[in-house]
Amino acid sequence: MNIALIAHDKKKSDMIQFAIAYRDILADHTLYATGTTGLRVKEATGLPIHRFQSGPLGGDQQIGALIADNAMDLVLFFRDPLTAQPHEPDVSALIRLCDVYTIPLATNMGTAEILVRNLNKGTFDFRDVAKNGGTNETT
């Protein structure tokens, strides 16, 4: 599965803690991240991560493009709800794309934990169905 990791500045430490805690599960998947988040997670975990631009410089939109191409399976976006973001329209667009394309989205550590644990159990079969044009064939 392709997993996006995004975190606002005040939530980057939460993302790092999360990635360390779930490193073994995340290691089995292809990881993508916005610039600084990806760098910090990679430094803390040693996991390979495809890094895009930072969020304000278009990284959110780059991940959004993968969502629109049905090439992203899960988005972990630790948002800071208490700080205004200069690129809020990009954030809203990314969340909208997750809704449009039925991509699971966690905006906090609690939800991310539920999604990643279920991913580990193999309960994300619906993504295979979506990728295969509505059939449950995985070949």
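Cβ from N, Cα, C; glycine included.
Under the heading domain 'MGS-like', Swiss-Prot lists 1-139.
Residues or ranges marked as substrate binding site in Swiss-Prot: His8, Lys12, Thr34, Gly35, Thr36, Thr37, Ser54, Gly55, His87. In the shown protein chains, 21 other C-beta atoms lie within 10 A of the C-beta of His8 (substrate binding site). DSSP assigns His8 (substrate binding site) to coil, not to a helix or a strand.
Asp60 (active site, proton donor/acceptor) is surrounded by 27 other CB atoms, counting those within 10 A of its CB over all protein chains shown. Look at Swiss-Prot and you will find Asp60 tagged as active site, proton donor/acceptor.
Thr34 (substrate binding site) has a Cβ environment of 25 other Cβ atoms inside 10 Å.
In sequence order, Asp9, Lys12, Ser54 make up the list of same-chain residues 6 or more apart from Thr36 (substrate binding site) whose Cβ falls under 8 Å from its Cβ. When the record's substrate-binding residues His8, Lys12, Thr34, Gly35, Thr36, Thr37, Ser54, Gly55, His87 are compared pairwise by CA position, the greatest distance found is 17 Å.
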